[in-house]
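S.K.: Per Swiss-Prot, the features are:
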- 1-19: signal peptide (SIGNAL)
- 20-130: domain 'Thioredoxin 1' (DOMAIN)
- Cys51-Cys54: disulfide bond (DISULFID)
- Cys51: active site, nucleophile (ACT_SITE)
- Gly52: site 'Contributes to redox potential value' (SITE)
- His53: site 'Contributes to redox potential value' (SITE)
- Cys54: active site, nucleophile (ACT_SITE)
- Arg116: site 'Lowers pKa of C-terminal Cys of first active site' (SITE)
- 134-250: domain 'Thioredoxin 2' (DOMAIN)
- Cys170-Cys173: disulfide bond (DISULFID)
Amino acid sequence: MRLPLLSFVIFALFALVFASGVVELQSLNELENTIRASKKGALIEFYATWCGHCKSLAPVYEELGALFEDHNDVLIGKIDADTHSDVADKYHITGFPTLIWFPPDGSEPVQYSNARDVDSLTQFVSEKTGIKKRKIVLPSNVVELDSLNFDKVVMDDKKDVLVEFYADWCGYCKRLAPTYETLGKVFKNEPNVEIVKINADVFADIGRLHEVASFPTIKFFPKDDKDKPELYEGDRSLESLIEYINKKSGTQRSPDGTLLSTAGRIPTFDEFAAEFLDMSNAAKEVVLEKVKQLALEDSSRWTKYYKKVFEKILNDENWVHKEAKRLSKLLRQKSIALASADDFKTRLNILNSFLPGNH
């Protein structure tokens, strides 16, 4: 017996979207079809890519999705309602993030208005579906310390270390938790930066030693001056914390964990690179000699790469365009390893210093 076409499409879509914990939906039509396919209901996050609160919610929502991943009849989904304005219009989305529960019987959707932590969201979905779940502990990108290992980790003179001193009962700490977890994820590929935390209520000796008077307290321990940690007094948003660490550690991370477009760039070489493609071959030869001389004074990896690019362009002007296109394609692959992504992004940044409009 053949299934009606619509039923087949919905079935196929249903099987596809539940392949991962949180389903990223791409259109109003896909959203509605997927909701209809959810036999026990659907929780949808309407978000915007620029929204700081959405970024803070992301790790919590991913954990929620993982928790219900093995229940194919429940949908934990999300859609960019800023890009898909027809979605925002239909569901009257006026702020981000907005979480809405869609009952399986097609009755009136319910906007979620409770706390945005894993426990509260899990309880909400469990009440709506009848599926009882316990919170699962996902691998963390933030190192949890105690009295025994605090000095070994924090006082490592090869690493800049950001420490959150927290207490379990502290409401502000709970609100900071998803942001701090994301912060750990952003910097997990930085070999000289560590994002850590310690329960200074339980390990009160550490709290007293470091003059922790309230929770959460965040301190930065620089690798070159461990005896003078700096109290972080800025905004506790993800963007502000990233900006702070980038400034203190010389890192160049963006909120999604990728490198900024300035990573790897060297101003001295950029000055030559900006005009190199338009120069005559004779002028290029002169510049290349200057670059080689500078490279003798600085043998760092990216200095060598600049030199290589100058040499490649001298032999083939089209090489820089082809190589930039190749690296861009590699960076779009979702399965790319973090270390490879950093390497490709830095190379692409340097190549862009040669290309018109990217200086």
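One-based numbering along the chain as shown.
The backbone N, Cα and C atoms fix where each Cβ goes, and this holds for glycine too.
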S.K.: Can you tell me the CA-to-CA distance separating Cys173 (disulfide bond) and Arg116 (site 'Lowers pKa of C-terminal Cys of first active site'), as a whole number of Å?
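M.R.: Pair distance, Cα basis, whole Å: 13 Å.
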S.K.: Could you tell me the C-alpha distance between His53 (site 'Contributes to redox potential value') and Cys170 (disulfide bond) in angstrom, no decimals?
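M.R.: That comes out at 20 Å between the alpha carbons.
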S.K.: Where does the mean pLDDT land for the domain 'Thioredoxin 1' (20-130)?
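M.R.: It averages 92.
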S.K.: List the same-chain residues at least 6 positions away in sequence whose Cβ sits under 8 Å from the Cβ of Gly52 (site 'Contributes to redox potential value'), in sequence order, or say none.
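M.R.: In sequence order, the residues whose Cβ lies under 8 Å from that of Gly52 (site 'Contributes to redox potential value') (at least 6 apart) are Ser237, Leu238, Glu239.
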S.K.: Excluding near sequence neighbours, so keeping only residues 6 or more apart in the same chain, what lies with its CB under 8 A of Cys170 (disulfide bond)?
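M.R.: Counting only residues 6 or more apart in sequence, the Cβ neighbours of Cys170 (disulfide bond) under 8 Å are Asp201, Phe215, Pro216.
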S.K.: Please identify which of His53, Arg116 has the densest Cβ environment, defined as other Cβ atoms within 10 Å, among these recorded sites.
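M.R.: It comes out as Arg116.
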S.K.: When secondary structure is assigned with DSSP, how many helix, strand and coil residues does the domain 'Thioredoxin 2' (134-250) contain?
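M.R.: Final tally across the stretch: 39 helix, 24 strand, 54 coil.
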S.K.: Going by DSSP, how much of the domain 'Thioredoxin 1' (20-130) is helix, how much is strand and how much is coil, in residues?
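M.R.: So the domain 'Thioredoxin 1' (20-130) is made up of 44 helix, 22 strand, 45 coil.
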S.K.: If one measures from the C-alpha of Cys54 (disulfide bond) to the C-alpha of Arg116 (site 'Lowers pKa of C-terminal Cys of first active site'), what distance in angstrom results, rounded to a whole number?
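M.R.: With the alpha carbons as reference points, the distance is 11 Å.
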